[in-house]
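Enquirer: Sharing the feature lines straight out of Swiss-Prot:
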TRANSMEM  18-38  transmembrane segment
TRANSMEM  53-73  transmembrane segment
TRANSMEM  91-111  transmembrane segment
TRANSMEM  139-159  transmembrane segment
TRANSMEM  163-183  transmembrane segment
TRANSMEM  223-243  transmembrane segment
TRANSMEM  253-273  transmembrane segment
TRANSMEM  286-306  transmembrane segment
TRANSMEM  310-330  transmembrane segment
TRANSMEM  350-370  transmembrane segment
TRANSMEM  372-392  transmembrane segment
């Protein structure tokens, strides 16, 4: 008796296409708005030390809301959660456009982004099947990086022309993302009916943290992704000091273009991971993580712009190959235990905590007068050693499990 198999759903289904379009314009708005708002506060003669507070408010929203946004993503249809989050982003952009406090407006965008993140990743596990999840993550990361590239450039260029035109374009981008969210078919909530008491939600969140930490695969993903994004933000600031020191170039464009090369590489690496890595062999990404640290050391010693561009593309490619499978792994493990939304919320807490920690350490060594070359070498060596230790611990754990099974 022959069995009929259900035809496979294409990767770029209506739902997936809507999610990717919404993600691109939402991330485009986030990045363009940052640079447009920086230009605005300069025009309004805010002190220079106030500029980092834009990003701090944005990141702080992720950390403060981490215990709650995962449950929000799992308690409602994720497409509707994404729509609500983009509405908050649109409100923040409009607040800045009409002359409201830019720090308050961008923090409101951060609140929207914090609510958006668990839903945008969690929905991938609901609209794809099996190994399509890794490919879907590759599309999501590629869309995000493309938005970072185009949004950052657009925000800066448009702000030089007209700041309020730049801010208006950001609001339009959020509006387009909101429209794309409306095209996502209604999906059932993953975990409806959970209690809405802040203390219980916080307790549930930290319980999810413990559950994921005890899961070896989830722990690998949490550590790896937190290290990657913490290092990525630190590298962005490192480049600003490295360019004039190593290349003798003092303009503002060169560090931006070098950062863009990393983003281009991440897109390439994400595509490679989608083709070569599955959930069954996800640890294949670890050598790429180790090589990130090695390439940072080699890059720091360069004095040629062309070699710098080439190495940063390679660095980004290694990063994309490293991060995409780890994201997919956490979604899979989280979906099976605490819910994909809660898993991504825990991941956001780890990543943003790592960003604050690494930037704090970076600021400290700069203040102590350590040279940028020494910082770059030390940064690369420490990152490579950390990944090597993580890799070694996984190998030892696997060997112990085999030994126990043999007995």
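Here the Cβ of each residue, glycine as well, is placed from N, Cα and C on the backbone.
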Enquirer: Is it the case that the transmembrane segment (163-183) and the transmembrane segment (91-111) have 3 or more CB pairs under 8 Å, with pairs at least 6 apart in sequence?
Expert: yes
Enquirer: So, taking each listed stretch (53-73, 91-111, 139-159, 223-243, 286-306) in turn and counting its Cβ pairs to the transmembrane segment (350-370) that are under 8 angstroms, which one gives the highest count?
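Expert: Ranking 53-73, 91-111, 139-159, 223-243, 286-306 by Cβ pairs under 8 Å to the transmembrane segment (350-370) puts 223-243 first.
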Enquirer: With a Cβ cut-off under 8 Å, give me the same-chain residues at least six positions beyond the ends of the transmembrane segment (91-111) that come close to it.
Expert: 29-30, 33-34, 37, 40-41, 44, 50, 53-54, 57-62, 65, 164, 167-168, 170-171, 174
Enquirer: Do at least three C-beta pairs under 8 angstroms join the transmembrane segment (310-330) to the transmembrane segment (139-159), pairs 6 or more apart in sequence?
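Expert: They do touch: at least three Cβ pairs between the two stretches lie under 8 Å.
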Enquirer: With pairs fewer than 6 apart in sequence excluded, do the transmembrane segment (139-159) and the transmembrane segment (18-38) have three or more C-beta pairs that lie under 8 Å?
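Expert: Contact between the transmembrane segment (18-38) and the transmembrane segment (139-159): present.
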